[in-house]
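Report on the structure given below.
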Amino acid sequence: MILLDGKALSEKIKAEVKLEVEEIVKEKEITPGLAVILVGNDPASATYVASKAKSCENAGIYSVVHKMPETITQEELLQTIAMMNKNPKLDGILVQLPLPKQIDTTVVLEAIDPLKDVDGFHPYNVGRMVSNLDAFLPATPFGVMRMFEEYGIELSGKNVVVIGSSDIVGKPMASLLINAKATVTVCNSRTKDLKAHTLAADIVVIAVGVPFLLKEDMVKDGAIVIDVGINRLDTGKLVGDADFEGLKNKCSFLTPVPGGVGPMTIAMLLKNTIKASKLREKRENRC
């Protein structure tokens, strides 16, 4: 079994990003900039945002974290996004999810300039992604695709099962796999006989937030398993949606948790921010 080491690959990508930033600063005399909006005091979100800011700093990307109270109104949040859209020094804008219940997440995501939408959640970018056109791709599925590429995993003609149909991972993951000419089945909580689907799969991508859902007897010998899930047990241990110990002697490729897909998400966010910085001139020249 080959371990898909997302931590090592993410460090490689971050080093590439740092070089790209240096080139942009030298050639265009601009510093790529990213704004992160954090609403409320959720500890997990705060930790994740801090990690994003640190990664930006290490890569030479200017970043600002805009903290807003849990009680903020939707109008106040939209006004903040509007200001960021107009700020030429900010190439990327992302809103840390989830948002409080008084906020309509769809309206907020649609308010972000599509050319600054480094999370790839704006309908403009989602549509372009589905149509296999150039777009900002959601960072986690983007990271998984980069992992396939790095390890020489062929997707064309392969049977791939995606377990989970979220807007953040499942749906975009399926779209990217379809564009890569894979035969894709998407399973959700209503799927009957999940095991029958996974046993027929060459590759399984799981992202549901249920510890150890995918077990050894659910995949065929030599299957590839990409575990996007991250769950904290009562013991404090972090585990994935797949039973790593049970699967490690049956799979040909397997991602660990932690250290698999997780580190790739921030690395690909940095890649998207660099992409956005290269669109700065295009944004400024719009009517």
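Including glycine, each Cβ sits where the backbone N, Cα and C put it.
Keep in mind the model is a prediction, meaning the values are calculated, not measured.
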Name the residue, out of Ser131, Ser189, Ser277, that Swiss-Prot lists for the same NADP(+) site as Gly164, Ser165, Ser166, Ile230, please.
-> Ser189
Using only the residues recorded as binding NADP(+) (Gly164, Ser165, Ser166, Ser189, Ile230), report the maximum Cα-Cα distance in Å, whole number please.
-> 18
Measure the Cβ-based neighbour count of Ile230 (NADP(+) binding site), defined as the other Cβ atoms within 10 Å of its Cβ.
-> 18
Neighbour count check, CB within 10 A, over binding-site residues Ser165, Ser166, Ser189; minimum at Ser189
